[in-house]
Amino acid sequence: MTPLDAKRPLQLNHLGQLRHFLSLDGLPRELLTEILDTADSFLEVGARAVKKVPLLRGKTVCNVFFENSTRTRTTFELAAQRLSADVITLNVSTSSTSKGETLFDTLRNLEAMAADMFVVRHADSGAAHFIAEHVCPDVAIINGGDGRHAHPTQGMLDMLTIRRHKGGFENLSVAIVGDILHSRVARSNMLALKALGCPDIRVIGPKTLLPVGVEQYGVKVYTDLNEGLKDVDVVIMLRLQRERMTGGLLPSEGEFYRLFGLTTARLAAAKPDAIVMHPGPINRGVEIESAVADGAHSVILNQVTYGIAIRMAVLSMAMSGQNAQRQFEQENAQ
């Protein structure tokens, strides 16, 4: 699918701790579980009168979003603020990049301002890896989504949602439905589910929206929604990403909904206590019926809540790991 994940050792320091968070590929189950456990411990912060812990006090987190995202940007801002960090969000449309400045120059200038961490969202696959390896090696880099490649914090918030509603992964059947081809969320979810021991991972979609070689993720492939949803515990619907499509991959959105839209009738094929998830934004009447999105099976708003806790966990763990790596390198340079 993509060679970018071959660079995964870059994410860990000499102790195996997180120092960047770029992809879920190759990260050990123990580390993913630690992220989930840490996020669980942060959930109660949102219920406090003063929603703050001092873990990143005195640190500066820069959100550098070259792609628009209300949900991801806002939850990263809230996560950093709840950790007591100073937060800067770069509006790329009004920044120097719109005047011809390169990604390299933009981030180098931010690094010179003594930022401690960058959360980067970019349309190009591999952008976060490039930044971590070549641009700002001493700054913790968090991937907020890069092209079709990865969206690791979305993957982890989805895992937290599943674990909190289902208790674990060992006996689950999970279906990921829709535009698999263009979805970095699908890739991150497949990697996370496999690493966490989910025995039955299914991808469902039209042949034109299924990536070549998707089977290498250890998934079962279905092109019939009713068949693929049979007896599943979790249904993860994906947004139809028209902005990334070229050519005639779909005859129409109406035809897609007719064959792959999740309706109350189709959801009946899943287990009675199945949960329905969606990374947002939702296209009602395209990939999901409003009655399902707003119904008793939906945990979509829970995903948003859990996203803040997951991002708090990742920010705090990556900052700690980067600090440990910096200290190790300084001691060995003497």
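Backbone N, Cα and C atoms are what each Cβ position is placed from, and that goes for glycine too.
Contacts of Pro281 (carbamoyl phosphate binding site) defined by a Cβ separation under 8 A and a same-chain sequence distance of 6+ are given as Thr70, Arg71, Arg239, in order along the sequence. Taken from Swiss-Prot, the feature carbamoyl phosphate binding site applies to Arg71, Thr72, Arg121, His151, Gln154, Gly280, Pro281.
Neighbour count (other Cβ atoms within 10 Å of the Cβ, all protein chains): 19 for Arg239 (L-aspartate binding site). In the three-state DSSP assignment, the secondary structure recorded for Arg239 (L-aspartate binding site) is coil. The L-aspartate binding site annotation in Swiss-Prot covers Lys99, Arg184, Arg239 and is backed by sequence analysis.
One residue stands out among the binding-site residues Arg71, Arg121, His151, Arg184 for having the most other Cβ atoms within 10 Å of its Cβ: His151.
Taken residue by residue with DSSP, Arg121 (carbamoyl phosphate binding site) is part of a strand.
Taking the mean position of the Cβ atoms of Arg71, Thr72, Arg121, His151, Gln154, Gly280, Pro281 as the carbamoyl phosphate site, the remaining residues of that chain whose Cβ falls within 8 Å of it are Ser69, Gly144, Gly145, Val185, Pro279. For Gln154 (carbamoyl phosphate binding site), the same-chain residues that are 6 or more apart in sequence and have a Cβ closer than 8 Å to its Cβ are Thr72, Gly145, Arg184, Val185, Ser188, Pro279, Gly307. Thr72 (carbamoyl phosphate binding site) counts 24 other C-beta atoms within 10 Å of its own C-beta, drawing on all protein chains shown.
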